[in-house]
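If you check TrEMBL, you get these features:
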- D:16-289: domain 'Phosphofructokinase' (DOMAIN)
- D:G24, D:R85, D:S86, D:G115, D:D116, D:G117, D:S118: ATP binding site (BINDING)
- D:R34, D:A35, D:V36, D:V37, D:R38, D:R168, D:G199, D:A200, D:E201, D:K225, D:K227, D:A228, D:S229: ADP binding site (BINDING)
- D:D116: Mg(2+) binding site (BINDING)
- D:T139, D:I140, D:D141, D:R176, D:M183, D:G184, D:R185, D:E236, D:R258, D:H264, D:I265, D:Q266, D:R267: substrate binding site (BINDING)
- D:D141: active site, proton acceptor (ACT_SITE)
Protein chains: 4
Amino acid sequence: MTEPQTHHPNPSGLKRVAVLTSGGDAPGMNAAIRAVVRTATHNGIEVVGVRRGFQGLHEGDMALIGPRDVANTIQRGGTILLTARSHTWRSPEGRAKGAQNLRDWQVDGLIVIGGDGSFHGAHYLQQEHGFPVIGVPGTIDNDLYGTDHTIGYFTAVETALDAVDKLRDTGASHERIFVIEVMGRHAGHIALEVAVAGGAEEVFIPEDAKPVDGVVEIVKQSLAKGKASSIIIVAEGYPGGAEGVSKAIHEGTGQETRVSILGHIQRGGTPVSSDRVLASRLGEAAVYALMDGKSDVMVGRQGGGISHIPLHETWEKKKDVNRDLYRCAKTLSV
Amino acid sequence: MTEPQTHHPNPSGLKRVAVLTSGGDAPGMNAAIRAVVRTATHNGIEVVGVRRGFQGLHEGDMALIGPRDVANTIQRGGTILLTARSHTWRSPEGRAKGAQNLRDWQVDGLIVIGGDGSFHGAHYLQQEHGFPVIGVPGTIDNDLYGTDHTIGYFTAVETALDAVDKLRDTGASHERIFVIEVMGRHAGHIALEVAVAGGAEEVFIPEDAKPVDGVVEIVKQSLAKGKASSIIIVAEGYPGGAEGVSKAIHEGTGQETRVSILGHIQRGGTPVSSDRVLASRLGEAAVYALMDGKSDVMVGRQGGGISHIPLHETWEKKKDVNRDLYRCAKTLSV
Amino acid sequence: MTEPQTHHPNPSGLKRVAVLTSGGDAPGMNAAIRAVVRTATHNGIEVVGVRRGFQGLHEGDMALIGPRDVANTIQRGGTILLTARSHTWRSPEGRAKGAQNLRDWQVDGLIVIGGDGSFHGAHYLQQEHGFPVIGVPGTIDNDLYGTDHTIGYFTAVETALDAVDKLRDTGASHERIFVIEVMGRHAGHIALEVAVAGGAEEVFIPEDAKPVDGVVEIVKQSLAKGKASSIIIVAEGYPGGAEGVSKAIHEGTGQETRVSILGHIQRGGTPVSSDRVLASRLGEAAVYALMDGKSDVMVGRQGGGISHIPLHETWEKKKDVNRDLYRCAKTLSV
Amino acid sequence: MTEPQTHHPNPSGLKRVAVLTSGGDAPGMNAAIRAVVRTATHNGIEVVGVRRGFQGLHEGDMALIGPRDVANTIQRGGTILLTARSHTWRSPEGRAKGAQNLRDWQVDGLIVIGGDGSFHGAHYLQQEHGFPVIGVPGTIDNDLYGTDHTIGYFTAVETALDAVDKLRDTGASHERIFVIEVMGRHAGHIALEVAVAGGAEEVFIPEDAKPVDGVVEIVKQSLAKGKASSIIIVAEGYPGGAEGVSKAIHEGTGQETRVSILGHIQRGGTPVSSDRVLASRLGEAAVYALMDGKSDVMVGRQGGGISHIPLHETWEKKKDVNRDLYRCAKTLSV
């Protein structure tokens, strides 16, 4: 095995890229920014950092950044480029202004780190102005088609799991039922993983149509099995959420439960290794994609390799939850 | 310096003690149970573990436990003896039954690990049946007079602080205001410590009568100083809680805020060192107190030494928050 | 989407399985044991737990275990079944004794959680006595062919990364070079992942033949780039280890370095979610494999699906490190 | 209770202070710097930050810093001002140059955050040049007379304890003895606290003259009690260290042990709440002390209040370990 080749061919003649983070922040976004900056620099390409997402792109809030600017950021939560939800970007005029700013800065391509809302924004820029854009999946929800995981997902799972472990201490000591709501927007990925890893008795996800009433039977069985305490995980996208499940249990069994809605802590914190590595790989891949002349695609990771998925597919195609994991959650709650 | 003397004189002729945990669970309770069991054993005294607090004492749910039963428990959250809130203990008949169970088991003294509700239960047992009782302060709220800190407080602070650090990542990335509610029942100890350690811009505690409207001015000043994001800590005992503070900010400044109510995660988790050490010292001191013939007192730690405070004083006298810390919180939010 | 089917067909008529952990312990082994116990129970199969690995199998140190015995263990490091390195198992006589014990206990199949040494032991049992055996990859080193990851690897990486983050604090404050040795036996998987996630300036793995002298040039370049501090990761399997690399730097550049050998802490701790989920999936798959009549194979996870690899291939075939990751480590240390 | 008074009288007419960190870095140093900057600013006083300790003071590596410069630093390990060990400062000429730099920058007083070596440096500056200096105890070793705790101690204990918890997982699974060496220079504070909190079977500290041979008897007793695994804590200042203890055990009992030397990870990491609060209080107190006209003293915390101890006493007087804790460690290892 020899030293790896780290210089990538540059047939598109890329000289300067811009990078921004948009939408909800996710742990690992800084690692992705760092990877973009360092990969570009290593290949002789300059990088412009855009602050506050598309809003900053519209306003021209941008500056050149170099490898030292991203030193000591790989372990930090949040995003050093800041993020925002932009209203002006929703209008063609707003996007035209942003396109002009990119041209004024002599930028040859834009890398957008974010979720499906952010990818829409990038897609329109490409469609309306022919500007090369690459999407990097950065969201804790893991709800983008075309990549096994999204940046931030692993850390969000770990944070939620840590909370579940803590609540189990109290649940077991008091012989109580805890109904815990985790994030994930319209998807049950976080809920499912946390349910298996947290040894939950039951999990409710938006992808399964089962009625909340069913939980009554489960709780009764659980009590009958001699389980004095229970952990029930509910995805925020499940109709009624944790409060609804709690109410159903109370009405059906008379059992009191404690509801815990984990909320925004799931977005923050030092990214775990899996998110840092994923972000590093995808940040590198995003620069390579622009160098290769690609545009209007998301770089993702599938089965260990890098995928390039048309941006519109990332939100049009449905990413299913892992059904094997769902079965596993059921089996192991015996 | 010579090897320390670890055998304590036993003028009261103590032969067998019982121990229970009661009320809300707190990290470090297992370390306290372990210390009671090992100190007693080391001094030739047997230990009866009572399960589910006073409810279990009433029902006779108890068993002998030895040093090996508490091996590998010092790092565990919750309580291996379980805890419960007992209705039967509120009646003299309920307590008489419990006293009889203790006598049937030939127990010479009872150690109760819990908060002020639990200490009331212990006090009545002593008053009505002359049964020797010792209280060990185990509650995350730190609201008991006569001890600098209570078991569980340090871990709860650390858990809340970890959440604040995570929320700051998101707050800073989105330039948002976070209003975070921490536990503490009627007291502001946790809130104050978390505010200083978390670098909060403002803190609201029940001990200070300041109106919530004042926060409006503070937020305006903060924005004027160029602070794009803010962390505001609210004790659950402050009138209106985090929701009230958030509403006041919105009405007074038009600024949107995010509310995060940390909830029960603050009760769980592996106890931090300070809680394990405090629990170890107080568990040892509780056994020594019974051996010395003391009763109806709480063992606490004050300025490094062990205190013995009449149980009724622990709830009748008011423990103030640390005013120096309160000033410090203000000064450092400049 | 309907409720998943959790009952597996049982053409082999499996009635009772045994499970043991062997070799070095790894975080997530308890989650794997739990999954074996609960999957078997759910399918009407009994489980015998063997203590202290093959040594206990030889000695007949075994007992029936049920779903409640594994409650509240999924989050615990180490292995509740204990582990040991067995000398008696190396002889055919030792193994014959173990086979007899399994028959005496009416066991129909054995599940062995461990690394390649343990798989050798299982393989011989199958070869010499025709006893059905299934291997579950449990080792932090991730050095088994046929599975993308091994149980314990993710947690070991996270523990090592946490240490690297801490050392970087000191390294940056003192403008020092830290040379950090991580585990991995003869493989560089942990080192590579930690290097990328930890933002290391350089990484040395046994899979690459590059001479340690090369580091001198790298350190000189790093200093020239204005990097005041550096993190260098060395796999324990790299010739000379961290001490050798440190010595080479000192001799070549005159720069002093600090060496940190992380050691056994990498084996312990609460397993992270990825290890718990992997262990849950593989524990379930191991029981299914025996029910399906399979033997002498390891169950692994490849690209999201379950693989069944002949045991001898797991050690005969070479699992390469991720070369993309290796390149990425180089590129991002710009 | 009314709003606290946060403006401090300034009879000395202090207008500008300098602050530096020196010696080994400790978690919480940034919180102390932040407290100095914000307390000074709040009272209308300017702050000069000196980089790389006395070395930077000698070289004039300094700049004005304001409240925004220390935003978002309270949770960071290491020191943003960097630290170094200075050779030039050991000569009167070196110190004269530093004094001149301070006068050139119109600084009225210097705050030095560090351990006893750093306090020596500050003391000489006061003695030789009459320059007002205040020491802030920043060292993980907790070995300074005149303060109950030093900044960084609590975090170092927590980091070491986390490692002990992890090693116990492996120790228990393999039924092994772990001999773990923790930091503390010539003092046993960290070792003692970790031993109690970690439930160690034995602890060796420099303050106790007991011969290492004694451990043989202890290990034999431990084995006789049925303890299959053991944790033994050794302070780095104990003659022979962990290796010596391990050797003695092997020679005396034939038992093999695993040695783990935790090393520099104990210096890094996000500071725990207790360190951040202590640092905040002492940073504030240091500015107040200069405003009050004090000099050549260390600000410490004793029994909840602020102490002012002549610098030379901090190293001349001996701070004993907590003997109650030492006894407790013995009692609870029953």
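Cβ atoms are placed via backbone N, Cα and C, with glycine included.
TrEMBL does not curate its annotations; it predicts them automatically.
A quick note: this is a predicted structure, and the numbers were derived from the prediction, not measured.
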The binding-site residues listed are D:G24, D:R38, D:S86, D:S229; by CA-CA distance, the one closest to D:D141 (substrate binding site) is D:G24
Consider the binding-site residues D:G24, D:R38, D:S86, D:S118, D:K227 and say which one has the Cα lying nearest the Cα of D:M183 (substrate binding site). D:G24
Which of the listed binding-site residues (D:S118, D:T139, D:S229) has the least company, meaning the fewest other Cβ atoms within 10 Å of its Cβ? D:S229
One of the binding-site residues D:R38, D:T139, D:G199, D:E201, D:K227 has its Cα closest to the Cα of D:S86 (ATP binding site), namely D:T139
On a simple 10 Å Cβ count over all chains shown, which one of the binding-site residues D:R38, D:R185, D:K227, D:R258 is most densely packed? D:R38
Binding-site residues near chain B, Cβ-Cβ under 8 Å, from D:R34, D:R38, D:G115, D:D116, D:G199, D:R258: D:R34, D:R38, D:G199
Give the sequence-ordered set of same-chain residues, not counting D:G24, D:R85, D:S86, D:G115, D:D116, D:G117, D:S118, with Cβ within 8 Å of the centre of the Cβ atoms defining the ATP site. D:S22, D:G23, D:G53, D:G114, D:H120, D:G121
Within 10 angstroms of the C-beta of D:G199 (ADP binding site), the count of other C-beta atoms across all shown chains comes to 24
Show which residues of the chain containing D:G117 (ATP binding site), separated from it by at least 6 in sequence, have their CB under 8 Å from its CB. D:S22, D:G23, D:R85
Looking only at D:T139, D:I140, D:D141, D:R176, D:M183, D:G184, D:R185, D:E236, D:R258, D:H264, D:I265, D:Q266, D:R267, the residues listed as binding substrate, what is the longest Cα to Cα distance in Å? 33
Quick test of understanding: given the binding-site residues D:S86, D:T139, D:R258, D:I265, D:R267, name the ones whose C-beta is under 8 angstroms from chain C. D:R258, D:I265, D:R267
For the domain 'Phosphofructokinase' (D:16-289), what's the mean pLDDT in this predicted model? 94
Pull out the binding-site residues from the set D:V36, D:T139, D:E201, D:I265 whose C-alpha sits within 10 Å of the C-alpha of D:G115 (ATP binding site). D:T139
Which of these binding-site residues is closest to D:S229 (ADP binding site) if you go by CA atoms: D:G24, D:R185, D:I265? D:I265
Here the binding-site residues are D:R34, D:R85; which one has the lowest number of other Cβ atoms no more than 10 Å from its Cβ? D:R85
What does the structure give for the C-alpha distance between D:V36 (ADP binding site) and D:T139 (substrate binding site)? Integer Å is fine. 17
